Amino acid sequence: MALSFVFITCFMILLDTSQSCHTPDDFVAITSPGHIMIGGLFAIHEKMLSSDDHPRQPQIQKCVGFEISVFLQTLAMIHSIEMINNSSLLSGVKLGYEIYDTCTEVTAAMAATLRFLSKFNCSRETVIFQCDYSSYVPRVKAIIGAGYSEISMAVSRMLNLQLMPQVSYESTAEILSDKIRFPSFLRTVPSDFYQTKAMAHLIRQSGWNWVGAITTDDDYGRLALNTFAIQAAENNVCIAFKEVLPAFLSDNTIEVRINQTLEKIIAEAQVNVIVVFLRKFHVFNLFNKAIERKISKIWIASDNWSTAAKIITIPNVKKLGKVVGFTFRRGNMSSFHSFLQTLHMYPSDNNKPLHEFAMLFSACKHIKDGDLSQCISNYSQATWTYDTTKTIETHLFKRNDFLWHYTEPGLIHSIQLAVLALGHAIRDLCQDRDCQKPNAFQPWELLAVLKNVTFTDGKNSFHFDAHGDLNTGYEVVLWKETNGLMTVTKMAEYDLQHDVFITTNQETKHEFRKLKQILSKCSKECIPGQMKKATGSQHSCCYECVNCPENHYSNETDMDHCLVCNNETHWAPVRSTMCFEKEVEYLDWDDSLALLLIALSLLGIAFVLAVGIIFTRNLKTPVVKSSGGLVVCYVMLACHALNFASTGFFIGEPQDFTCKTRQTLFGVSFTLCVSCILTKSLKILLAFSFDPTLKTFLKCLYRPVPIVLTCTGIQVVICTLWLVLAAPTVEENTSLPRVIILECEEGSALAFGTMLGYIAVLAFICFVFAFKGRKLPENYNEAKFLTFGMLIYFIAWITFIPVYATTFGKYLPAVEIIVILISNYGILCCTFFPKCYIILCKQKTNTKSVFLQMVYNYSAHSVDSLALSHVSLDSASHSTATTNPRPGNKTAACQNYKHLPVQVLAHTGMEKTMHASKTLHQKRSSSI
């Protein structure tokens with residue numbers, strides 16, 4: 001581009017220094033004089049003929065391929081200028097125009113621009129080189145055009161030299177918003193930034209993410225594709241392929257590239273949506289070949305061709321699938337429609353395109369409407385000579401309102417806005433100047449006013465933004481077949497500011513919904529409960545769907561990541577679409593195990609009551625008296641009842657009160673029970689003890705009330721400190737995946753262990769004392785049963801420790817309940833059931849005489865054993881005394897002992913036995 005500019009500059013200097021040249025009138029397409037001249041650049045022909053000269057000479061070649069739609073655009077400019085001239089907007093000032101055909105070539109556009117920049121009213125028509133163009137008066141004051149962005153860029157760089165205003169009606173390349181590189185460029189259409197943003201939004205909203213893109217190899221095509229790629233990525237849309245076609249039809253490779261593009265489309269079977277940034281003649285050739293290959297897709301049309309009648313009228317175009325396009329917002333077209341109906345009365349002597357159209361139309365009048373435009377386009381202008389005196393046939397322009405069907409409303413409205421903007425800017429500039437003079441103002445002055453002008457089209461108000469753009473918005477159009485003909489229908493409007501599509505009625509909303517029925521995805525859609533996992537492809541849209549793991553969920557389609565549930569309060573299974581609240585669990589009253597434990601506790605309480613009744617009714621019997629009396633029995637039975645009742649605090653929803661009560665109630669009541677058993681064990685051991693030393697010690701130790709109060713008091717202190725320093729509290733255990741365990745946190749494991757350990761110490765002492773007195777009379781064998789009871793307690797609680805440590809969940813309290821029940825039942829049964837059995841089933845043995853006889857027999861047996869042990873000791877002493885003087889004579893002593901009379905031993909033992917028996921009998925009788 002820089003080399004081109006140097007070449008142009010040198011070319012302009014040569015023009016200035018060379019001999020004056022002839023005015024190239026044949027290069028001007030349309031002209032009309034005026035006080036203020038406006039230039040126009042339109043691609044009336046689709047291409048320029050290539051030169052066969054070798055070497056090629058610097059000549060402007062003739063153009064072919066008459067474009068009816070662009071011809072209508074030139075008429076729109078003429079009509080808009082005449083509307084201003086016929087209005088009071090510019091009082092006494094007439095706008096003139098010079099319109100040139102660019103032939104879709106930058107070279108022709110630059111040649112026309114050189115003429116625009118040439119000095120006004122100079123016979124030599126040269127561009128004078130100056131360092132300061134502030135007072136330079138060029139041939140025109142402003143330019144409308146060009147249509148294609150690449151041409152506008154080249155022209156704008158030339159116009160920057162004089163800061164001549166250039167207002168484009170169609171160039172949408174985003175780079176043209178850069179006022180540093182293009183300071184004199186303005187446009188009455190939005191930037192491609194908004195169009196590509198709208199396209200990406202439409203694609204995402206329709207549920208597509210795998211699309212193709214086709215563009216031209218020029219500044220417009222490359223910039224549009226890059227901008228769309230950025231917008232697509234932001235909307236999670238991937239471009240499967242990008243095909244680039246030569247920018248000009250004169251390129252010999254264009255047919256090959258079109259075929260390659262179609263082969264790519266066929267190969268990418270999953271791509272059902274294709275975005276097309278092409279010129280009209282590219283799309284025309286592409287679609288004709290696509291119809292031959294029976295390719296049916298959704299085509300996203302850019303504003304370049306979305307309403308082009310030349311393409312809409314392609315035979316069998318409906319076989320291509322759906323075409324959804326973006327076009328500029330339209331305005332009031334009634335005045336222009338009337339202008340077209342009277343076009344035959346318009347003089348054609350200064351309007352070569354009009355005359356050419358009339359001749360081409362006449363030559364193709366035998367062609368039906370569907371092929372008429374193609375016929376006109378295929379005729380070569382090179383075969384025609386213009387006879388401006390020939391009368392234009394009126395009926396040709398009225399044939400089914402032919403020209404009106406080729407009108408592109410969005411572009412026509414943009415041209416009207418461009419002329420209106422210039423008209424209002426000139427009005428503001430000419431308020432204090434005589435604008436009938438050619439040097440009334442310079443182009444750069446008009447540019448300054450134009451940037452800030454506010455104007456109206458009769459309905460809406462407009463002004464250029466800081467980038468020189470007129471953000472009028474877009475219309476979304478859909479090609480639909482109506483009565484056998486393809487028509488363009490408005491589907492929605494796109495609001496640039498809020499990035500939303502605005503539908504006007506239910507029918508258009510239905511059309512939007514129908515688009516979603518077509519799939520264009522690289523991978524199958526991940527349903528809720530799944531997430532996308534990359535497969536190694538460079539495209540993020542290509543993935544595989546994997547299920548969300550446990551405690552994760554996805555509630556939308558095609559989610560990149562599964563969302564995490566709050567593990568403390570919620571959970572989710574594999575492939576979940578939502579989080580579920582964790583169920584709060586605890587050992588409830590209606591639980592089957594809880595019901596069983598409650599029944600056992602109630603049964604235990606019933607047993608306690610039954611024992612209490614039995615003992616109360618048999619209060620004066622020896623069995624009850626030997627048990628310590630009714631007070632001790634009632635205290636123990638009450639403790640057992642409290643132990644059974646304490647299990648109820650382990651069931652049901654945990655509360656602070658129940659958590660604090662259950663352990664302390666059990667601990668204190670069980671300690672009181674064991675303390676009573678301890679006193680009973682001491683009493684039994686004391687009653688049947690024959691060792692004087694042990695008896696003396698036990699008499700000092702045996703203090704029932706202090707023992708019970710002291711032992712129980714220590715446990716009360718332990719529990720009180722526990723409740724004060726680290727009381728049990730309710731805790732939500734959230735470590736399980738699907739439930740919240742509502743449980744009592746004991747507060748202090750040390751305090752809990754101390755409480756249980758203290759009971760164990762007391763139980764062990766009871767066990768020792770009971771074990772010492774286990775060999776009592778058969779009917780008085782309470783110590784043996786107490787030993788069994790303590791063994792049951794130890795076995796239960798030793799088992800409890802590992803089970804409690806390894807059990808988890810709502811049944812953890814049940815473990816302690818079971819242990820409490822086992823130990824409580826064990827002690828209750830071993831302590832009271834044998835006595836109840838004697839009371840109820842062996843009433844004959846529950847008398848004082850039987851008990852006295854039993855005690856007497858046991859005492860006699862015990863004394864006999866004691867006497868025998870004394871005889872043995874005496875014999876041993878005598879033998880020792882005999883042998884001591886002669887240590888070596890031990891055998892003789894033993895032989896002497898053997899010959900002692902048996903009667904002597906028996907007599908000695910009998911005397912001692914009778915004395916001990918009487919004494920022991922008196923002691924046992926007093927206890928009964």
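In case you wondered, yes, glycine gets a Cβ from its N, Cα and C as well.
According to Swiss-Prot, Glu743 and Cys841 sit on opposite sides of the membrane. Just one residue in Asn555, Asn889 has N-linked glycosylation site written against it in Swiss-Prot, and it is Asn555.
Looking at Asn332, Asn733, Swiss-Prot tags one of them with N-linked glycosylation site, and that residue is Asn332. Cα of Asn332 (N-linked glycosylation site) to Cα of Asn555 (N-linked glycosylation site): a distance of 47 Å. Across all of the topological domain 'Cytoplasmic' (834-928), the predicted model scores a mean pLDDT of 50. With a cut-off of 8 Å between Cβ atoms, the residues of this chain six or more beyond the topological domain 'Extracellular' (652-669) that come close are 586-589, 638-639, 642-643, 645-646, 712, 715-716, 718-719, 722-723, 727-730, 742-746, 752, 755-756, 759, 820. Following the DSSP three-state reduction, the secondary structure of Asn555 (N-linked glycosylation site) is coil. Asn332 (N-linked glycosylation site) is surrounded by 13 other CB atoms, counting those within 10 A of its CB over all protein chains shown.
The Cβ of Asn555 (N-linked glycosylation site) lies under 8 Å from the Cβ of Pro528, Leu563, Thr577, Met578, each of these being in the same chain and 6 or more residues away along the sequence.
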